[in-house]
Amino acid sequence: MTTEVELVVLADSEGNAIGTAPKATVHTKDTPLHFAFSTYILNPRGELLVTRRALSKKTWPGVWTNSMCGHPGPDETNADAIRRRGVDELGLEVDSFLDIQEVLPDYQYRAVDASGIVEWELCPVHLVRLAVGEFVEPLDDEVEEFEWAEPQKLFDAVDATPFVFSPWMVDQLSAPELRQAILEAFDAE
């Protein structure tokens, strides 16, 4: 039995793909710049899925964060990677995603967790709307717990207690265009 190695696409400072590396070897104290994606998932009631990272995660264990993050594989679009991770991480069906909207296409961040592990990613941010009747059943090794939150209540919590949330989520939600897109999607529901 062979296990397929998950690859991450490495990037240069201009945002060009320059190669790949196994995901298991990338997140270290000297993490190279690489491609990723970040998602904010809305249910049909317009609530946002907020997840608490599993305690077994290598980086930011137990921290509350956005709905889902991940890495597109070589020759994989962000939309396809989002669907793949939605199935693998959150237990969703591949056709659960009604709409995947890229809101912050040029988002990039670098953050260091308490253990010294670095995240350094070119990480477009997406807003995802789920179909009616879809249920989230996260894998235990990915998500410790989850909540559905009204967008404005989540924004207020992030503003009041940013230390409770992942640094990328706090930074992403400081972008007015992301908050506006979330509120517009919430109001449309």
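Quick reminder: no glycine exception, Cβ is built from N, Cα and C everywhere.
Predicted, not measured: the structure shown is a model, and the values here were computed from it.
Annotation comment: Swiss-Prot describes H27, H34, H71, E119, E121 as Mn(2+) binding site. Annotation for E119 (Mn(2+) binding site): same-chain Cβ neighbours under 8 Å, separated by at least 6 residues, are H27, T31, T59, Y109, R110, A111, V112, D113, W168.
Residues or ranges marked as domain 'Nudix hydrolase' by Swiss-Prot: 32-171.
Neighbour list (C69 (active site), Cβ cut-off 8 Å, at least 6 residues apart, same chain): A36, F37, S38, T39, R85, C123, W168. The active site annotation in Swiss-Prot covers C69 (among others) and is backed by sequence analysis.
The annotation Mg(2+) binding site is assigned in Swiss-Prot to E89. Cβ neighbours within 10 Å of E89 (Mg(2+) binding site), excluding its own Cβ and spanning all shown chains: 20.
Listed in sequence order, L33, H34, F35, A36, Q108, Y109, R110, W168 are the same-chain residues six or more apart from E121 (Mn(2+) binding site) with CB atoms under 8 A from its CB. The feature active site is assigned by Swiss-Prot to E121 (among others).
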Among H27, H34, H71, the most crowded of the binding-site residues [Cβ within 10 Å]:
H34
Give me the CA-CA distance between E89 (Mg(2+) binding site) and H71 (Mn(2+) binding site), in Å, as a whole number.
12
In the domain 'Nudix hydrolase' (32-171), how many residues does DSSP call helix, how many strand, and how many coil?
34 helix, 51 strand, 55 coil
